């Protein structure tokens, strides 16, 4: 009896699962169907519920986690960092808002100035219209007088005795107060434009100089190359020319006859800008040279600008000239005032060398790959390391002070 109940329960479960139950009276068939490996669980009379298929691990995990409290994704540290980020964002937003408010105030000021200028412009136009109207009336009167005189002359040759033919007296038109005021404002405006133009040139020169100073670097003189009559200061930037030679052993790199010296940092690539103070020197030569420049003797090979290995700007007897390969050109457009500082800008990769008046940033001379008819050849690029070079020329006989040159430090920017 128990077996039949179990079998009937199984049949009902199979019917719910959509499977056909075996025919009644076939115990063997029903037993084999229950024992086949089709995923059925053996019936247990003690269990209240029948599970025909085994549960998957994923489903079992979901059932196990069902009803448990969910975990918080963000920890306390993460929340603290998020709060700090939001506070920083709020600070940046407040700063931006303040900047916008300031800009708005500036725009308001600019708008007020613009409104004032427009008001002045309208008033000036009104005055000009009044002056123009007055002059037009005066022109009409002059035209009428001319017409009246012409009619009188055409009607009678004795019109000068006829009162009807005499034109009315007409005095020259004199400028009124408004016109004088406009003329004064025009002169004041011209002076203002001249002042603004001068300030603009100065600011442009300062900006160009500061831009070039970005390529500058500290320089010191190589004492081993100095002529015996050149004295170098302790920091290595000041040079003085004395009449007597300094005692000491000669060096193979030293200039023995020409009063020259080279700096200690060659340029092999890129750009470099340097300045030399020449206010305390009446005769000098500044430029660049290769290390292969001759150091011994007085021939052209050891003088700046007199050979293929050097380029220079030279001041002699108050005349400024540029030299290379024993050829020179006079530097035109130089002001009447003596030079205070000379700027030297070198672009090694492009083969460019420029000399500036460092106070006005006016170009004194340009050496580049462009064809220059004065020089027998135009260098297209530098082929060796390039050194800054200075030379003391013979001072005038009546000069009582020693010549001095100073390499300006980088801090002058």
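Just so you know, the numbers here start at 1 and follow the chain as drawn.
Using N, Cα and C of the backbone, Cβ positions are placed for all residues, glycine too.
Annotations in TrEMBL come from automatic prediction, not curation.
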What range among 76-110, 111-145, 146-180 does TrEMBL record as region 'Disordered'?
-> 146-180
Which residue counts does DSSP yield for the compositional bias 'Polar residues' (146-157) in the helix, strand and coil classes, in that order?
-> 10 helix, 0 strand, 2 coil
Let me know the model's mean pLDDT on the coiled coil (76-134).
-> 79
